[in-house]
Amino acid sequence: EPKAPASRQSMSLPSMSERPEAPPSPRTAPPRLSMLACFLIGSFALGSWIDINGVFNQLPLMVKSLPEGWSLPSYLAVIVQLGNIGPAAFLLASRLSRGKFTDRAGVFVINATGAVALLVLAFVWPITIDGRSLPLMLVVLTLSLVDCSSSVVYLSYMSAYPTAYLSALYVGEGVGGLIPGLLALIQGSGGAPECINGTHPEYAPPRYSVGAFYGLLCGMLCYSLLAFWLLTAWPFKLANRPPLKTEQQLAASAAQVSPQPDASHRNTPDETTSLRQPRRSGSAPNRAFLLCLVALLNAWGTGLLPSLQSYSALPYGYSAYHLAVTLANLANPLACFATFAWRARTARSLLALVAAGCLASGYVTTLAAMSPTPPLLHGGLGAALMIIGWTAASGLFSFAKACIAASVSEGGSSGEGRRWLRLTGVATQAGAAVGAVVGFLLSVVFGVLKDAPPC
């Protein structure tokens, strides 16, 4: 058995490197990645938020014809956060079924429900009832239930894989944001309105309709569902991936414990000193610190910023708005893909990433607060700075979240890593919910954010 450091001689960690039959080694070799597995993981992960991302990419077109106008993003952001009921329902079903309702079943349900809801949305989005876009909001609520659940279910499912595969998951989720942006860019926004008699705006039609756009996304979700089926059925083995029976036992074990830290997970003081070593990054205090960062990033980036997007970008024109949305979605998968080459492992580097992301987010938030007359409104410099701000905020926050998820999953037993990854999903949704409520209050309730008439 490898000789442990003197400060850890009394500890008993369920690590693979501490089994008696393992040869002494100062460092554990990283698992060899299967490129096919990475491709399939990324393909099924793109269905995680592709539908909600698609809805927000269609906002420049929908705000033109729906009664909510510029405040529509704030309504939808709050509705999306109501989907937090979904993760709670999944955890309850997992507990009551004692492992019979597995993460695999949850992924299938999420993708199938999203595909059907998008097909319905393609036909009902322009319908209004009593001056409100109720059909759109009801379908978005359905999509949010399954998408919010995916933040918990997908991470929980990935706990059966080596940590390196988490980057493929985040790249796939980022691509799920890129695809709607590219489709919307091809679709076009119709450009600036042409004002008839100085009061009535007329918009040029896009290359294809909003309904056709949602139909294309429905096809992508069907592809995502097929990729996940191939991932579960393909006859290859992945390092550290347990067979189905073992995974069901892990689910049953996770269903019998509370998703809160308890006394059964004990750590020694010297495990809390650094994020650099995998075991130490797995200590409870460090993981709690990382969960707080996850909540902060999602409160601002996932919850608040979508509510402010129209007020921040639309004053510079529809073309600038579309470009900002597309480049921000492009920065997401590229930032996550960068974690394959380098990952922030220390508290200092991680906090530097978060600080830089907060600086960029603070700039676009200030633009929204100054709407409809932000600085440098006339000319290309203001629009360029706005686009750079949105791109930097998306990329830095996405990279930081990918690094945090990998750090949270390191160290400890498989069941413990699974539990902390689920808590990461919970922190993600809790932070996003707080941010969405703040954005709704600012734009709808208190009227702090102002829009501008099209003519």
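Placed from the backbone N, Cα and C atoms, the Cβ positions cover glycine too.
Now, the feature entries from TrEMBL:
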REGION    1-29  region 'Disordered'
TRANSMEM  33-52  transmembrane segment
TRANSMEM  72-93  transmembrane segment
TRANSMEM  105-128  transmembrane segment
TRANSMEM  134-157  transmembrane segment
TRANSMEM  164-188  transmembrane segment
TRANSMEM  208-231  transmembrane segment
REGION    255-282  region 'Disordered'
TRANSMEM  288-308  transmembrane segment
TRANSMEM  320-342  transmembrane segment
TRANSMEM  349-370  transmembrane segment
TRANSMEM  376-399  transmembrane segment
TRANSMEM  420-449  transmembrane segment
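Across the candidate stretches 33-52, 105-128, 134-157, 376-399, the maximum count of CB pairs under 8 A to the transmembrane segment (72-93) is reached by 134-157. Same-chain residues lying 6 or more positions outside the transmembrane segment (288-308) and placing a CB less than 8 Å from one of its CB atoms are 56, 73-74, 76-77, 81, 261, 347, 350, 354, 357-358, 361, 364-365, 368, 393-394, 397, 400-401, 404-405, 407-408, 423-424, 427-440, 442-443, 449.
Proximity of distant same-chain residues to the transmembrane segment (105-128), defined by a Cβ-Cβ separation under 8 Å and at least 6 residues beyond the stretch ends, is recorded for 44, 47-48, 50-51, 54-55, 62, 65-67, 90, 134-136, 139-140, 142-143, 145-147, 149-150, 153-154, 157, 210-215, 217-218, 221-222, 224-225, 228-229.
Among residues of the same chain six or more beyond the transmembrane segment (376-399), those with a C-beta under 8 A of the stretch's C-beta atoms are 170, 174, 297, 300-301, 305, 309, 312-313, 315-317, 320, 323-325, 327-336, 338-339, 344, 353-354, 356-357, 360-361, 363-364, 367. Same-chain neighbours of the transmembrane segment (349-370): 275, 293, 296-297, 300-301, 304-305, 308-309, 311-313, 315, 385-386, 388-390, 392-393, 396-397, 399-400, 403-404, 407, 448-449, counting only residues six or more beyond its ends whose CB sits under 8 Å from a CB of the stretch. Remote same-chain residues near the transmembrane segment (420-449) are listed as 70-71, 73-75, 77-78, 80-81, 84, 87, 91, 148, 151-156, 158-159, 254, 259, 282, 287, 290-292, 294-308, 311, 368-369, 371, 401, 404-405, 408-409, 412 (criterion: CB distance under 8 Å, separation of at least six residues from the stretch ends). Under the criterion of 3 or more C-beta pairs below 8 Å, with sequence separation of 6 or more, the transmembrane segment (208-231) and the transmembrane segment (134-157) do not qualify as touching, having fewer than 3 such pairs. Among the recorded stretches 134-157, 164-188, 320-342, the one sharing the largest number of Cβ pairs closer than 8 Å with the transmembrane segment (33-52) is 164-188.
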